[in-house]
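Pulled from Swiss-Prot:
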DOMAIN    208-268  domain 'KH'
DOMAIN    334-427  domain 'HD'
REGION    91-119  region 'Disordered'
TRANSMEM  2-22  transmembrane segment
Amino acid sequence: MVLNILLAIVGLIVGLGLGFVIAKSRHDKAINGAKISASSILENARKESETLKKEALLEAKEENQKYRSEIESELKESRLELKSQENRLIQREQTLDRKDDSLEKREGSLEEKEEKLGARQQLIDEREKEVENLINQQHQELERIASLSKEEAKSIIMKSTEEELNHELTLMVKESEQRAKEESDRKAKNLLSLAIQRCAADSVSETTVSVVTLPNDEMKGRIIGREGRNIRTLETLTGIDLIIDDTPEAVVLSGFDPIRREIARMTLEKLIQDGRIHPARIEEMVEKSRKEMDERIREYGEQAAFEVGAHTLHPDLIKILGRLRFRTSYGQNVLNHSIEVAKLAGVLAAELGEDVQLAKRAGLLHDIGKALDHEIEGSHVEIGAELAAKYKENSVVINAIASHHGDVEATSVISVLVAAADALSAARPGARSESLENYIRRLENLENISNSFEGVDSSFAVQAGREVRVMVKPEEISDLESVRLVRDIRKKIEDDLDYPGHIKVTVIRETRAVDYAK
């Protein structure tokens, strides 16, 4: 047992020794391998460092060479730029030298001129003194000869100069007015002639009577009735006078209201056709005729509105418009006149680029007040403007109605066009006529207005009152004053007279020289 233990211990010791020897041998081999590897690594590192060192030296040399080339190039460019600047400075110095020489020469010339101007100014001052002395001597001599002071002579010269300037100014104004008038007349004639060519209207004559044809003369007695009951009833209900005379188979209806006269005519024709004529039947027929008349008036208004393209008129305004069919002004039917004015205003508005439909509407309604002027207090212009405002018409239409006779200032081009179309429609030949009494009174007023001015010798109304010729006294009225006189007469006629169309005023100045040979 002990032996086994000893053997085990000996074996352990031997094993440990062998293990140590083997481990030491391996350790030595590892150390030698590491030394060899380290030597190899050091050698490789030395070689690589030498290679990197050489490459770095080469790169440094290349960079140095490149930098040196760039520096040399920049230096070369700087030298060239400096050389160029030096050349420019040399040229500028040369230019400045030349300018300096020129300025020196100019200064010398200016000094020389200054000396000459000084001498000339001195000479001028001396001559001015001489002239002033001569003028004073002449003034003294003139005052002695003319027995006038300097202020009196100055006043005479100023007055003469003022008269001469006024004369020239009047001539210039006259020439300017003539040129403007000729140009405006030419343009207006072209525009109005175009409008007239595109518009045609009927002419009618004013009448205050209507004639009803009878089938026979026996019907006259039936119309009169027993003790005149029928004729009195008809006259009372219609307000129209029935004239029954010796005219065969005819009865005359007389009255100044065309609507009532038309109702009476319609009633009488119905009674004649029916054959039953008595007061009750007359009342029935008058009422029926009035209803038919209201319908006809509405149709006339609608037809007029349709003809000019006014499609949105108020129904009440259409009825009032239709009443114009039975109104006349100086013999011209007012509804036809309104339609004509609407068409003319539309043509003029189209030529000037204005609203054609609005111009037609304003032209159609411009005399709407005449339908009610005998029922409502006020002028037809005021009534028409109030009606247009009441029925919410456009402000341009209201102003056109209010301003077409010049009572209110026109605020739009359409208002002016409506006034022009109204004057054109009224003034065309044959459009209007007037009674003999009014005609004679107008001629007398024309002559009286012309004769009221100082310097007028006589005046004559000619061309049916469309022209007044004024003869002036040549010793009191000069040619230039006659121009002012004709304007004054025209203004007074416009302010004092009411007339259709326009009136031409002609002032005639005549100077006669008479002598006798013996």
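Heads up, the Cβ atoms here are built off N, Cα and C, so glycines get one too.
Looking only at the domain 'KH' (208-268), the predicted model's pLDDT averages out at 83. Across the region 'Disordered' (91-119), DSSP helix (H, G, I), strand (E, B) and coil residues number 29 helix, 0 strand, 0 coil. Taking DSSP states H, G and I as helix and E and B as strand, the domain 'KH' (208-268) has 31 helix, 13 strand, 17 coil.
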